[in-house]
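Down below is the structure, laid out as structure tokens.
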Amino acid sequence: MRATLRRLGDVIPLPVSVRPDPAANFLVSPTVAVSADPAAADIAEQLAKLLRRATGFPVPVTEAGGSIKILLGGYDKNEAYRVDIAAEGVTLRAATEQGLFNGLQTLRQLLPAEGRGIGEITLPGGTIEDEPRFPYRGTMLDLARHFFTPDEIKSYLDTIVQFKINHLHLHLSDDQGWRLEIPGWPRLTEVSGGEGTGVDGTGGGFLTTAEYADLVAYAERRFVTIVPEIDLPGHVNAAQVAYPELARDGEQLAPRTDAEVGYSSLDANREETYAFVEDVIREVAALTPGPFLHIGGDEAFSTPPEDYRTFLTRVLPLPGKYGKRAVGWHEMAAVELPPSAVPQYWRIEPADDGVAQAARDGHQVIMSPADRSYLDMKYDKDTPLGLDWAGVVGVERSYDWDPADRLPGVGEEALLGVEAPLWSETLRSPADIEFMAFPRLPAIAEIGWTPRAARDWTSFRDRVAAFGPRWHAQGVNFHRSPEIDWIDEES
Ligand code: IFG
């Protein structure tokens, strides 16, 4: 069976520069080999594995002489890469291993859709030169409302990296559950991470420090930065159930398995609160090699505004004290922010004065408007999973917007990037994650990567149509949205 030849530009995110040369198609024959500089051996082995699976050929990795070459160096920018495909051979070059990894994802999409052992395949000739628009291209997984195991998170990671997503934000604490073991505060997970916690009591579980460290290392090898979030001062019922001294008047609160928000708050006027918060931030920072630590800050409806400002003024410097950049939901812009702090905009209003002021003060912003980028929004009114408080978000609506236009006063130069959060109140399995994330996360990935002028909904719609067979072959439970004219099994 000969798979249809994919076109050089049939890649998501769309690369910056695609120069097809049909006279230069490369035939992957039984004797093909991959050669790499020693420092790029890991990437070379990953490419060889993909080629072996696609063709059934041995595809050895050698130091020299292969018709497929992986070169580290000789190119200038971080994350950037260049691919040259010609009849006599293929060359992938980048200045960094991360750049090579990005080029590997592009080459993977030019192979047949994860077909197995189909013999000789052809790669479309030409040159791709590529680099990202924004450095921060992320998604968030809410482990608090419904816990997912390390293996389930790793599986999700393996799928999102194919679209050059390079940050995974983990929402580790909320009213319904505490999902990361904190040395010195064992009841957080013993009491609020166990069976019966989570929305509907079906989302129990937590990450031990060892599991978290392993997950961070797994992500790092795939050039994904884990961004841990401990949500404060609201969304804290789980912590207060475990430690009544954190509750107002030291009362013993009951666990919550509903999906209400805004009813809980730490007490900004008690020293026990800050001892707890600093212990948690210090432990999470020590476990996290990445530069970011998210302290939440959203929906603190039960924290008096003055107390909210007192709390954030004391807490926002703590990530910096432990070597991290503070990230927080944009409500935190109500207070003076530490210079490197990153507000994450998540609402649906046409403007936000706090975020605009933060941008004027030189802060970088992560754009996550719920009415475009929240993957837990229903696709349409018939979607069985998800919420619709921000409206329904179809595939076109998740693609056809630009973060540089979203908020007055928050232009391109103020943007660190984009992130697509997936809240888990209505999720119960990895298949549910995949259903809500695909095909909309690739849309957000393209917004984060592709030059704005090159983005076009009809082009994206046609390119994503070809991912049906690929996701089917990978066992990804994507939503066959009626907005897309899906290509069935490759001819
Ligand atoms: N808003 C809450 C989340 C979650 C979400 C569901 C933020 C920052 C609604 N806060 O989004 O906890 O409940 O769509």
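From the backbone N, Cα and C atoms, a Cβ is placed for every residue, glycine too.
The domain 'Beta-hexosaminidase bacterial type N-terminal' annotation in TrEMBL covers 10-130.
On the 0 to 100 pLDDT scale, the model's mean across the domain 'Glycoside hydrolase family 20 catalytic' (134-301) is 98. What TrEMBL lists as domain 'Glycoside hydrolase family 20 catalytic' is 134-301 (among others).
Annotated active site, proton donor per TrEMBL: Glu299, in sequence order. Of all the Cβ atoms in the protein chains shown, 17 others lie within 10 Å of the Cβ of Glu299 (active site, proton donor).
The annotation domain 'Glycoside hydrolase family 20 catalytic' is assigned in TrEMBL to 310-451 (among others).
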Per-state residue totals over the domain 'Glycoside hydrolase family 20 catalytic' (310-451) - DSSP helix, strand, coil:
57 helix, 24 strand, 61 coil
DSSP-wise, what's the residue breakdown of the domain 'Beta-hexosaminidase bacterial type N-terminal' (10-130) into helix, strand and coil?
35 helix, 37 strand, 49 coil
